[in-house]
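Here is the structure we will look at.
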Amino acid sequence: MMQIKRLLCKSCGLGTLLVAVVWLLALLFYSHSLRSSIRSAGWRIDEGNATPRAELSYQARVTVGCTPNASITTGESPAAPKPPSDPEQLELLGVVRNKQDKYIRDIGYKHHAFNALVSNNIGLFRAIPDTRHKVCDRQETTEAENLPQASIVMCFYNEHKMTLMRSIKTVLERTPSYLLREIILVDDHSDLPELEFHLHGDLRARLKYDNLRYIKNEQREGLIRSRVIGAREAVGDVLVFLDSHIEVNQQWLEPLLRLIKSENATLAVPVIDLINADTFEYTPSPLVRGGFNWGLHFRWENLPEGTLKVPEDFRGPFRSPTMAGGLFAVNRKYFQHLGEYDMAMDIWGGENIEISFRAWQCGGAIKIVPCSRVGHIFRKRRPYTSPDGANTMLKNSLRLAHVWMDQYKDYYLKHEKVPKTYDYGDISDRLKLRERLQCRDFAWYLKNVYPELHVPGEESKKSAAAPIFQPWHSRKRNYVDTFQLRLTGTELCAAVVAPKVKGFWKKGSSLQLQTCRRTPNQLWYETEKAEIVLDKLLCLEASGDAQVTVNKCHEMLGDQQWRHTRNANSPVYNMAKGTCLRAAAPTTGALISLDLCSKSNGAGGSWDIVQLKKPTEAEGRAKEARNSDKAL
């Protein structure tokens, strides 16, 4: 082809002009055909999705997601209302008072990867903070607005029963009944005893909702196929997929439905607030969007620079290259038109990236709706595997790469070092789907949807800011107190006795009692997030069932979050474990560990919070003068 073009160029300039005209007409015809096929099916999109406006061809300010101290803008109003419930009550919900509490906590972490004791104690419903920005509409919706009705599809496998019921209850309590067509539960062949018998009847009795439909798979199908099973049973205008460990916030559904009503080829995604897996504390998420790396792993990243200039910008919606996949709304008929999910994908993993590529490349869009907020329990691990132990993430990612990424799939294969002989199944049906929908190529996606993604071998986008990184030991924290932890009735203090490594205390060092002295290994600094930090370097951590150590501050709270009364004779309580600090004996060198708080209230478990006096300005100036004299 190149040789033919060269001959044409040599023969005459007119040939070059003709080639250019032919190419231009072909491109115009392709664009018109694609947009016509979308419109002929009745799908509406923002015109900016088909040909991005200049102001949307922006570069990312930061390309890493949610890293500590990264430049992230939150959508929380400065005057956001506080949660109606007393925070101290929430803190006490995880207290382990006896062996039964400990069993519930431990079995919850084993089966669900979160604190089931706290979840049980919260109950069916609770107040949570309204985390929307102040510009979001808080006026009640009426039927006159004529929004489409929604079918909620919630799939689960071996979910914690109280958490599942609360997920449904929040939908019922915070959704206008005329907008809620039904809730469809798809049980992916759960085998936990509490879920095996009479679950549907129990849910109907506790939740008192007649349009609750229950489907139980005859075998494990996985999240991906289970969602399609639920979607095919739905009758609402809009499908809303929700995970089974969530709490929806105030007026969460209306903004999603408004967007889909105006753009029915758009997948509408709420902002996903954070529910701590250890403490169930509900906190607002920053406004971020979805991206991915060349390993096809989803990641959060900042909104492009200049997105949020004035308060009205916080209404959104914002374009997002990918979505996390756990929570989103889509027109039901458009979901079918788009090809649902890839039914040959197994269990979990990669389906969110696949549907993200497919939506954008086939004429749709993904947008984050900041005035819709849904809290989600973010777990540190996935508590289940595939039935046969297969690497479903790898298989699913290979399928999406070979269908949607064209030659760019080679970057994924090289990144993951995938053998060429790895079996990812038959993809012929998905390739036919791509052809039928007249989808764009992956080069178009990279240029128009995700230009910030660095392609290996290409020059980096210069207008994109480099990732912000701060060493963990030098990050700025807001310290609110400085003290020693003295065992009540003694002159012994909690201390770390360990050698320093490169000038820092050794991570993983345990605590023991030592004679109280104002030395760095006994000085504790408390942050506004209730972290207790040794010498402003390492965080006190409940690192095992009973072990207490100092470790790198991960800033995820939970096992590094502590409570005390700030005075004498106080228990020191860990929020994640629900247990308290206790010394083995009131002697020098005695190990400090975690124990039931009921035991810790006695000998070995009560602590005096010995606050250190801050020097006056005069004392500070005198110290500086002495240091200057020494320097001279």
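Glycine too: its Cβ is placed from the backbone N, Cα and C atoms.
The transmembrane segment annotation in Swiss-Prot covers 7-29. Summarising the annotation, Swiss-Prot assigns topological domain 'Lumenal' to 30-632. What Swiss-Prot records for 147-259 is region 'Catalytic subdomain A'. Here Swiss-Prot flags Asp188, Arg220, Ser244, Trp348, Arg379, Tyr384 as substrate binding site. Swiss-Prot lists 317-379 with the feature region 'Catalytic subdomain B'.
Projection of Swiss-Prot feature records onto the structure.
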{"residue": "Asp188", "record": "substrate binding site", "contacts (Cβ under 8 Å, 6+ apart)": "Cys155, Phe156, Tyr157, Asn217, Arg220, Glu221, Gly222, Leu223, Ser226"}
{"residue": "Ser244", "record": "substrate binding site", "contacts (Cβ under 8 Å, 6+ apart)": "Met154, Cys155, Phe156, Glu159, Thr163, Leu164, Ser167"}
{"residue": "Trp348", "record": "substrate binding site", "contacts (Cβ under 8 Å, 6+ apart)": "Gly222, Leu223, Ile224, Arg382, Ser386, Thr392, Met393"}
{"residue": "Arg379", "record": "substrate binding site", "contacts (Cβ under 8 Å, 6+ apart)": "His112, Ala113, Phe114, Ala277"}
{"residue": "Tyr384", "record": "substrate binding site", "contacts (Cβ under 8 Å, 6+ apart)": "Tyr157, Asn158"}
(request) With DSSP as the reference, give the number of residues of the region 'Catalytic subdomain B' (317-379) in helix, strand and coil. (result) 17 helix, 22 strand, 24 coil
(message) Using DSSP and collapsing to three states, where does Ser244 (substrate binding site) fall: helix, strand or coil?
(response) coil
(message) For the region 'Catalytic subdomain A' (147-259), how many residues does DSSP put in helix, in strand and in coil?
(response) 48 helix, 28 strand, 37 coil
(request) Could you tell me the mean pLDDT over the region 'Catalytic subdomain B' (317-379), as a whole number? (result) 96
